[in-house]
């Protein structure tokens, strides 16, 4: 109730300051508006802007790294991902396989592609999955309204966020359609095939079981219990 409105107000004030200091042509021609704004307002102290951006980016990546790996860990404990992902280090009690998987996936996505294209496609995928989550929450609120809900939030919040997600997914496609967006959509759908084949119907291959045993020994991990 405090953090989200505070951050929202700060973002709005920053954008207002951009509009007050810079002309529309300067905004359109600038590769980094914060740096251009700093050069005009801060003068010799303009270096503080890229430093602050770097620190903010590092903090965001750090949080996303730990939260993203624990999403894989939690999904594996529910049987939605390979069992190896649900294991933790025997000494440090950290989800080492999930952390390694997250790092490997990030490297695979970053190495071959263009950074701006990667950011746009990742944003498309992120808002598509987020919109699906908000839609599922609204659906469950309607279909199971008499059941106790463990995640308590006013209904208008996921409703508004669902509309925002829908706009952020459809607007780029309508304004500037790209084949890469179609690839991302099919990549997302491929997850259904993997899930039903490997986890819903429990189609386990011997090579996967052998790989799990070897990686378990290599990473020094063991299955976790519900209490840990």
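Even glycines carry a Cβ here, placed using N, Cα and C.
All annotation found in TrEMBL is predicted automatically rather than curated by experts.
Copied over from TrEMBL:
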TRANSMEM  7-25  transmembrane segment
TRANSMEM  45-73  transmembrane segment
TRANSMEM  93-112  transmembrane segment
TRANSMEM  118-140  transmembrane segment
TRANSMEM  152-170  transmembrane segment
TRANSMEM  182-201  transmembrane segment
**Message:** Would you say the transmembrane segment (118-140) and the transmembrane segment (182-201) are in contact under the rule of three or more C-beta pairs closer than 8 Å, pairs 6 or more apart in sequence?
**Reply:** yes
**Request:** Report, as numbers and ranges, every residue of the chain located at least six residues beyond the transmembrane segment (45-73) whose Cβ falls under 8 Å of a Cβ in that stretch; write 'none' if there are none.
**Result:** 32, 34-35, 37-39, 81, 85-86, 88, 95, 98-99, 101-103
**Message:** Can you tell me which parts of the same chain pack against the transmembrane segment (152-170), counting only residues 6+ beyond its ends and a CB-CB cutoff under 8 A?
**Reply:** 123-124, 127-128, 130-131, 134-135, 137-138, 141
